[in-house]
2 protein chains.
Amino acid sequence: MGFKIGLLGLGTVGTGTAEILLSPEGRHPVVRELEIYRVGVRSLDKPRTVQLPPEILTTDLEAIVTDPNIDIVVEVLGGLEPARSLILTAIAHGKHVVTANKAVISRFGSEIFTAANEKGVYVMLEASVGGGIPVIQPLKQALGVNRIQTVIGIVNGTTNYILTRMRDEGADFGEVLADAQRLGYAEADPTADVDGLDAADKIAILASLAFGGRIKLEDVYCEGISQVGAADIAYAEKLGFVIKLLAIAKKLDVNSELLSIRVNPTLLPKTHPLASVNGVYNAILVEGEPIGQVMFYGRGAGAGPTATAVVSDILNIVSVLKVAEPEKGRAGENVDNAAPTPPLPHSPTLHSLLACSHQHYCQIAPIEELVTRFYARFLTKDFPGVIGKLGTCFGDRGVSLESVVQTGFQGELAEIVVVTHDVREGNFRLALDDIRSLEAVDSVASLLRVL
Amino acid sequence: MGFKIGLLGLGTVGTGTAEILLSPEGRHPVVRELEIYRVGVRSLDKPRTVQLPPEILTTDLEAIVTDPNIDIVVEVLGGLEPARSLILTAIAHGKHVVTANKAVISRFGSEIFTAANEKGVYVMLEASVGGGIPVIQPLKQALGVNRIQTVIGIVNGTTNYILTRMRDEGADFGEVLADAQRLGYAEADPTADVDGLDAADKIAILASLAFGGRIKLEDVYCEGISQVGAADIAYAEKLGFVIKLLAIAKKLDVNSELLSIRVNPTLLPKTHPLASVNGVYNAILVEGEPIGQVMFYGRGAGAGPTATAVVSDILNIVSVLKVAEPEKGRAGENVDNAAPTPPLPHSPTLHSLLACSHQHYCQIAPIEELVTRFYARFLTKDFPGVIGKLGTCFGDRGVSLESVVQTGFQGELAEIVVVTHDVREGNFRLALDDIRSLEAVDSVASLLRVL
């Protein structure tokens, strides 16, 4: 066989990957040249849905990443360790790496890509964002020609599923979450999804590719969806919006190098291309000069879709290796050739559209610098005079209002919904502080940004 | 400079391409290694919006495709000749080719790719379908891992613009077309767009990539949008559909090698991802195993978007050349190096995900074999007995009806709209022949397929 794969992990994505590699018929012909040479698992005894020769399974993951026969290591373990260390060891041993691990890449990408570039190997990560949706390679290849201004994604299926059901059923966050957990669409500990942390990892990766620099994960501003109430979804609907958890990376202004990167529930006009992305589907919208808007849409998770991203990364590496080292490629044509081929001497020049060569860190603006529209819902005690007081507080801080509506009552309290024009977030927050100190204001029930 | 480009044509796309190459700041660093070495134009005197040194312009296109200094020929002339001959001559002279020419590729792709493979050069065509939307490379790379079942595209901006305005304004085809021509969204001779011929070229190309075989353009069944009336759009709306000109390539059934390829106006459920693709936007939906549905969306035409596809193709070629021939790549770093570099000796192994290696032709089923739902609108003379007679005609041919509605009157004639369940198209046509011969039936006012 041509190229030997060491697979780390045989969970959902690992199993999906093995299933593709074991059924090459009807797929790209290069899939036939790939051999699952070793599979690292936690337990040898666990029953598996995929048929693999028992002798290729091992619990010794270190042995896989140091095995001189292996060309490409596929890391689908998830989690930070031992994934990070195994990736670094694989690189140190001259192996190319394919990973689905957004958490490791968003935190240790700098360390990993520096090591990979020194060693002349590829680290590929299509599966880390958007499941099977091709977005990493298009960002590196087709879209790299553009000056990117904005990347906006619905990149977390769990929260999109919850928000879609809240909207369809008029239900509250808590009850839909409980049901989603029961159905397996949300984890027992849903924190990473519902608090936006998973989406933050992914937008950090997308921003790094789109804007050609490294991103510090702690610079990504992050709000989850637990604050979104059924009432907000209903008011948004009336105003012509849907609420989505958006991950957004954009240039603060066209000529600025300063970026704004954030994850937050956002009111999105119903006519926006992302507004009709529902359920567990993901989509990523990229805006650039001169391409305008481009959107990629598909299933953001699941064994099959994510595994296609893993295998396409392998094909990308193998195709370049065959150009650099044609002899290796030809070995693949002789399937009966059982002699182990030596590991590849790597080309001194990495393929410019596959390798990551960022050296500097992008500059990220604090959230106070963001200019955006806001939606806020207030609960107030004393309706007749309050709208005027709210208006004065906003006006004093230079916040211009698009609409102020008294929408109803919650018990003794009147509910007032405000939508602003574009405003610097810092100014808006100062106005909110003033409003919170008003005698007549009970609370700010919710606070969302508007796209 | 590193890589020398010969640009054939300085119209809309050619100008857009030159503008990108002349403004590399903020784009992929490899753009700096590309030099516009010669530009072939029809007239040297025409005023240009892009600033190019006059000495690189020439009317001698043949001299460009045979120039030993040129690495990559970019063909953005459009039309069949001289584009086809120039592409073939460029290949014969060992040049890689990037083209936006769907007409040439859909008709002469077999001849062109055979020549390119013999010579060991690439012919790239991202710009030929969907303007700037990355869809050709994703089909070759990321999606090639899948067993593709369906490709459905809205790939013609003119017809999508017309259908969108007909729907928004309740207007008829003729008046919107006239207005679109006045605004420059439709050509003076709109035949290629409104009759679906442009979409047929594009779906032939997409099908070839998705199903891994060559396609004879004459096997693509093609209907345009001129038969779609304001009445049909209104009825479709009531039934929960929008009407779009869809280009569809699909396996006749999952285990069949037989394909159905067609372009026709189609009723699409409003909840379908393609239903909200409006105006001049294009989108391509791909369905495969195991990825499920993936969609690509963006501007399907225009100088800027299409030029990004051209330049990304150039980057793809150059990146592979730099791996195969690292010396050539390094020359690019020395911008002052004025000595002409010799043309590249081509790698004997072409990159498997860039080159087209199809040998066989796909088998295409005749349209009669298609199984689909139909929408038909009949004008009848004598309403009370007619629905029964229509039903009998359909029943006799095994056509099962989902709904039959008498929708109104047009003068003396009653209007009846029928939607069928899935039916073999051949059977449906036999039933229609029977119906046309009914005394009570005046005419079949329109006949559309339903997705």
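Note that the numbers count up from 1, one per residue, in the order the chain is shown.
Yeah, the Cβs are placed from backbone N, Cα and C, and that goes for glycine too.
Curation does not apply to TrEMBL; its annotations are automatic.
Listed in TrEMBL for this protein:
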BINDING   A:LEU8, A:GLY9, A:LEU10, A:GLY11, A:THR12, A:VAL13, A:GLY14, A:THR15  NADP(+) binding site
BINDING   A:LYS102  NADPH binding site
BINDING   A:GLU187  L-homoserine binding site
ACT_SITE  A:LYS202  active site, proton donor
DOMAIN    A:375-451  domain 'ACT'
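Annotated pair A:GLY14 (NADP(+) binding site) and A:GLU187 (L-homoserine binding site), C-alpha to C-alpha distance, rounded: 19 Å. Secondary structure by DSSP for the domain 'ACT' (A:375-451): 26 helix, 36 strand, 15 coil.
Near A:LYS102 (NADPH binding site), with the C-alpha within 10 Å of its C-alpha, lie none of the binding-site residues A:GLY9, A:LEU10, A:GLY11, A:VAL13, A:THR15, A:GLU187.
A:GLU187 (L-homoserine binding site) is 22 Å away from A:LEU8 (NADP(+) binding site) when you measure Cα to Cα. A:LYS202 (active site, proton donor) counts 27 other C-beta atoms within 10 Å of its own C-beta, drawing on all protein chains shown.
Counting every protein chain shown, the number of other Cβ atoms lying within 10 Å of the Cβ of A:VAL13 (NADP(+) binding site) is 28. Over all protein chains present, the Cβ of A:THR15 (NADP(+) binding site) has 19 other Cβ atoms lying within 10 Å.
Of all the binding-site residues listed (A:GLY9, A:GLY11, A:GLY14), A:GLY11 has the fewest other CB atoms within 10 A of its CB.
DSSP assigns A:LYS102 (NADPH binding site) to a helix in the three-state reduction.
Taking a C-beta cut-off of under 8 Å and a sequence gap of six or more, A:GLU187 (L-homoserine binding site) has these contacts in its own chain: A:THR158, A:GLN181, A:ASP193. Close to the recorded NADP(+) site, the chain also has A:LEU7, A:GLY16, A:THR17, A:ALA18, A:VAL76, A:LEU77: residues not among A:LEU8, A:GLY9, A:LEU10, A:GLY11, A:THR12, A:VAL13, A:GLY14, A:THR15 whose Cβ is within 8 Å of the site's Cβ mean position. Within the same chain, the residues at least 6 positions away from A:THR12 (NADP(+) binding site) whose Cβ sits under 8 Å from its Cβ are A:GLY302, A:ALA303, A:THR306, listed in sequence order. In the predicted model, the domain 'ACT' (A:375-451) has a mean pLDDT of 92. Mapped onto three states, the DSSP output places A:GLY11 (NADP(+) binding site) in coil. The Cβ of A:LEU10 (NADP(+) binding site) lies under 8 Å from the Cβ of A:ALA18, A:VAL39, A:GLY40, A:VAL41, A:ARG48, A:VAL50, A:LEU57, each of which sits 6+ residues away along the same chain.
In the shown protein chains, 25 other C-beta atoms lie within 10 A of the C-beta of A:LEU8 (NADP(+) binding site).
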